[in-house]
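J.: Attaching a single structure in structure tokens format; questions to follow.
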2 protein chains.
Amino acid sequence: MAQLVNPDLVRERSRASFDTGKLTAVLYGGPDEVTRKRRIEALALKDPDYTHEDLNYLCREDQYVAMLKKSLMAARKVRELGLSERDRDSYMDFLLDWRAGAVNLHRTMFTLTLQQQGNQEQRAKWLKLAEDFSILGSYLQTEMGHGTFLRGLETTATYDPSTQEFVLHSPTLTATKWWPGGLGLTVTHGVVMAQLYTQGQCMGPHMFILQLRSLDNHKPLPGIIIGDIGPKYGCNDGDNGFLRFHQVRIPRDNMLMRFAQVAEDGTYSMVLDPRLIYGTMVSMRVRLTEQSNFALARAVTIAVRYSCVRHQSELTPGEPEPQILEYQTQQYKLFPHLAAAYAFWFTVQTLQAHYEQVNSRLQEGDTSGLQEVHALSAGLKAFTSLAAHRGIDECRLACGGHGYSHASGLIYLLTSQAVIVTGEGEATVMLLQLARYLVKCYAKSQAGAKLPSTVSYLQTVQSAAVSGVTARDLNNFDVLTEAYQHRAARLVKDAAEGVRFKVVSEGQSESDAWNNSLVSLVKCAEAHSHFFVVKTFVEAVRRADVDDSARAALISLCQLYALHGICEQAGDFLQHGFLTGPDLPLARSQMCSLLSKVRSDAVPLVDAFDFHDQTLQSVLGRYDGRVYEHLYQWAKKSPLNKAQVHESYYRYLQPFLQQNRAKL
Amino acid sequence: MAQLVNPDLVRERSRASFDTGKLTAVLYGGPDEVTRKRRIEALALKDPDYTHEDLNYLCREDQYVAMLKKSLMAARKVRELGLSERDRDSYMDFLLDWRAGAVNLHRTMFTLTLQQQGNQEQRAKWLKLAEDFSILGSYLQTEMGHGTFLRGLETTATYDPSTQEFVLHSPTLTATKWWPGGLGLTVTHGVVMAQLYTQGQCMGPHMFILQLRSLDNHKPLPGIIIGDIGPKYGCNDGDNGFLRFHQVRIPRDNMLMRFAQVAEDGTYSMVLDPRLIYGTMVSMRVRLTEQSNFALARAVTIAVRYSCVRHQSELTPGEPEPQILEYQTQQYKLFPHLAAAYAFWFTVQTLQAHYEQVNSRLQEGDTSGLQEVHALSAGLKAFTSLAAHRGIDECRLACGGHGYSHASGLIYLLTSQAVIVTGEGEATVMLLQLARYLVKCYAKSQAGAKLPSTVSYLQTVQSAAVSGVTARDLNNFDVLTEAYQHRAARLVKDAAEGVRFKVVSEGQSESDAWNNSLVSLVKCAEAHSHFFVVKTFVEAVRRADVDDSARAALISLCQLYALHGICEQAGDFLQHGFLTGPDLPLARSQMCSLLSKVRSDAVPLVDAFDFHDQTLQSVLGRYDGRVYEHLYQWAKKSPLNKAQVHESYYRYLQPFLQQNRAKL
């Protein structure tokens, strides 16, 4: 029997102006890729061994246990199924999502670090163990007192040539390792970042691998104190942990020695250009940019579908209550994020391709392009994660009261996304990394040097005449791109010259001048990232292998993304004369026209993301739109409903009420 | 032995440019009020019967039970202590905060509704029971399918003259009452909003009181299905509930009849002007504005103190790691919210006074000024709750990784604040209520009418010449106030004329024209609210009974609040020519100068809010700044640390690892 679909969603889909499947193919890189994706998902969904229970009902401890069980089962199955490496990753990603479960850090940062930073013997020994899941590992970098600033880490690894061992130690409370996923209760091993001391000298942070818990009884090894760091905003199914070392000795060859080594007598030597490690960092940032994009796309899917099912209030007196997506304000809340989700989707693809190009050169020792992609990925990780975080929260708010319930699926998305803003490089620090690169490039171009492609526009900043558009042109892709390029160029110039002015004319030290310019430096990095996204989106829409109807939908989204940014940041565009005062209301009204254009295809546009209901985990965002009956079913399963009268009544409420009534 | 205080905080406090206590007195309305506040707090803190445990470690069910226990104890003590009504409220507020515990809705909306909408006999009967806590009540308005739009509520109360009863019924699934606090497990009674049907006619939503659960065994009465609605973003210590009626009969005099009544034969009649109820709504909105303000002030207190204790990275190579509050970006993240917390503090006082004035007239049946304060309070509730919500989240992000932990206290503030944005009138709907009022006033002033004081500036919009300031004037209070007034006036004019243009020139219906203008209508309501806050802040600073040093600190905050808004919304100020392009970088640089000015007094400025550590519930925001040792202690208490090896190891992890090792 066919599943009934909410008639509002049936109507929305029936009037789609394009073939949803064709757009899905564009997003995933062709129809074969869509087939592959769905095949993997079906493998996980049809397997009766998984229960896919709703973690929201469970207390933190039970959430942890449920995810541990599921993770270990997935790790076992993934081998039994004999999947390719890529399918294996997709299978695990689909099943475990980004939940902070036991094996997520094991199969990413732990394994990646061994691969990238271990020498041949180390890889042979440890990678095999890790890939077979004979050990489980975490990545121990952050400390209680230090996050993104690695040079400040306090954990020490002091080489003792007399025994040929390193001594790992936490010299202070703030040196306690803090946050590593899986560390609290689960992992047996860890790769640890510590300040290397040898022959009386500190050589800076290096990586070491060591066993943390007994393989017989799982107790922490001598000199190691481990625990869970307590309840968090999100990720409560994970056992993020803390760890303190008290003079823990490990063999010399537990230092990961691909890039640098310590000889038996303690002599330190570099082996490879340490910049090669940057490749790992860039790849993590690309991955996080992708996660931000998926999270935003999911949130928008949920909010758009729900906004078509929900009816409320009145537009025209006497008429039935309209779908809430009919309200211009609801469109204004959601569609810019829908457009951003498409923009970021193509941005991730372009960034990924850019990284792969640089990385393949890197494998041959050629570091050209590394700085550029390193700066770009830092900026985009920050820019997209912030935008997605804000966007998810606006989607949540746009769902009203029901958006506040865990039934919405939006709470999970929001609290997971918050990690990406701060984790693996805090957003402001990342933007300042990009800003430093931009300021350097600007100075180079002033000195006549040629710049890499993504920043070459900085060369033209001096000559760029303000072209003064009329708002009529503001749907033109070239004009929109130029607007963002112009804004980025001027803001980089302003920031760079602001720093110089403080040094030269005000006599500030370089570091004071830099610190006193941080706000404008962050702003220029955001503007550069924004320009990159707009330009990439425009190029993707022009290039996309779709028919006219789908392209028309993409064009509207792209125009909306760019115009919305102009209206939101109007000061920047007016400041430099790219727009004039009277243009602004016209730009706003054009943006509003785009909202109604996007309205008619909103549901097909989110359907095209092809998220399975199991991925969305949202009563509000269900494909079939049967929101209310499932919300009611969901609530009834709340653990607080297990008895008709809760036991606390007998203990507290009944005596209280009886006593008060007796007094009457 | 004196408690050690972190030396960074000692230094911050020792160099305060003003007397913190004097500023506290200004905020609370005089030294006597501060003494009163602290006396009440001490009553609660020194009482050994309260355990003040950390709810974060508990699962939802245990959180509920802990809060139930505490609430009932507080309700008992409050009578034993023989406090005045005002002290009683302060005592309960301090102890229970805004936690969604069992008695919070009882002592606010339930009691308030009986007071305001019950006739004399009803008040005599029910209020006594409620005040003695012989019954516990909830306020049942929202339904699964309807929130802010009351006319859409589906629950019916049909009068049956043959038995002189009302029949309460939930005709559809979406009519299920949804969200009422305390409903899920706790309350015995409820006031219910339902569509009144009598003599075959629907008379719109009216209030009824009825018993929901047996007073003997707490079981739901016949025809009533009750339950908890499941886990939420926050408020998980509360049992927000659902309720369905199946033909439940209640006596005629259970309808609250102060404003309207149904006679024995079913004849409906109005008794009092129903607009008088608006007073209740306004008072709730004033209260919510105050809550937003407190929440933001607490978050800023936590983030500012932590930012003085936390050292990270480097400003000048080779120097020790600076306090993170030294970074311009950190100041830029926090100080505008610090300034907003002060701005809103004074705004609440002004709004409160305004409401009390109108309300005292209202008690004599005079409704003049009601519309104005109703619109203003709607706008300010939305404006401040959105700003506080964003501000708290930025404070959380500014605390980096530790801001993500429940130890920060910021998660509780954030998730509680999110309720205020949506609850008791969704923010966008509230802003549109204000916009409707503004547009109406604008039209009236065009027709030559005189306008009430808070909107009288709309009369000048036509004549207001753009005065064209130089950025040098932007620290001048009159210029700043004028800038915001000018912006609000122009945006109201644009919005109002936009609607008219769509009707007159484009031939749209009134309702289409309105809907197609919602974005600009929301914008003008925000601009009006923003103007009101700036103006109020300026007046409060001028009027404040403080010495020059404290006034200087307030002046910087007020300038920062206004200038930050101008930089953030620069488009609006440039669009109408109040600023020119070249002014903008100057305005930004002036804002940055204010950041460093505020920096030196940042800790004294948050200390002046006088929040007790028990109120902040934050390891990061402790008055003594001993963050790290308490963070470690806090984490060790995590329930996941109860055993050195978690039981799940034996069940899942050990077999998994052993099996994999065996295969090697």
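Cβ coordinates are placed from backbone N, Cα and C, and glycine is handled just like the others.
The structure displayed is predicted, hence computed values, not measured ones.
Copied straight from TrEMBL:
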- B:Glu424: active site, proton acceptor (ACT_SITE)
- B:Thr142, B:Gly181: FAD binding site (BINDING)
- B:20-135: domain 'Acyl-coenzyme A oxidase N-terminal' (DOMAIN)
- B:278-439: domain 'Acyl-CoA oxidase C-alpha1' (DOMAIN)
- B:477-658: domain 'Acyl-CoA oxidase C-terminal' (DOMAIN)
J.: Limited to the domain 'Acyl-coenzyme A oxidase N-terminal' (B:20-135), I'd like the whole-number average of pLDDT.
T.: 92
J.: Rounded to an integer, what is the Cα-Cα distance in Å between B:Thr142 (FAD binding site) and B:Glu424 (active site, proton acceptor)?
T.: 9
J.: May I ask you to pick out the recorded positions among B:Thr142, B:Gly181, B:Glu424 with a CB closer than 8 angstroms to chain A's CB atoms, ordered by sequence, or 'none' if no residue qualifies?
T.: B:Thr142
J.: Return only the integer: C-alpha distance in Å from B:Glu424 (active site, proton acceptor) to B:Gly181 (FAD binding site).
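T.: Pair distance, Cα basis, whole Å: 13 Å.
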J.: Between B:Thr142, B:Gly181, B:Glu424, which of the recorded positions has the fewest other CB atoms within 10 angstroms in the structure shown?
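T.: Taking B:Thr142, B:Gly181, B:Glu424 as the recorded positions, the minimal 10 Å Cβ count falls on B:Glu424.
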J.: Do you know the DSSP helix, strand and coil residue counts for the domain 'Acyl-coenzyme A oxidase N-terminal' (B:20-135)?
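T.: Its residues fall into 86 helix, 0 strand, 30 coil.
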J.: Any idea what DSSP makes of B:Gly181 (FAD binding site), helix, strand or coil?
T.: coil
J.: Specify the secondary structure state of B:Glu424 (active site, proton acceptor) as given by DSSP, simplified to three classes.
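T.: Where B:Glu424 (active site, proton acceptor) sits, the three-state DSSP reduction gives coil.
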J.: With H, G and I counted as helix, E and B as strand and the rest as coil, say where DSSP puts B:Thr142 (FAD binding site).
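T.: In the DSSP reduction, B:Thr142 (FAD binding site) maps to coil.
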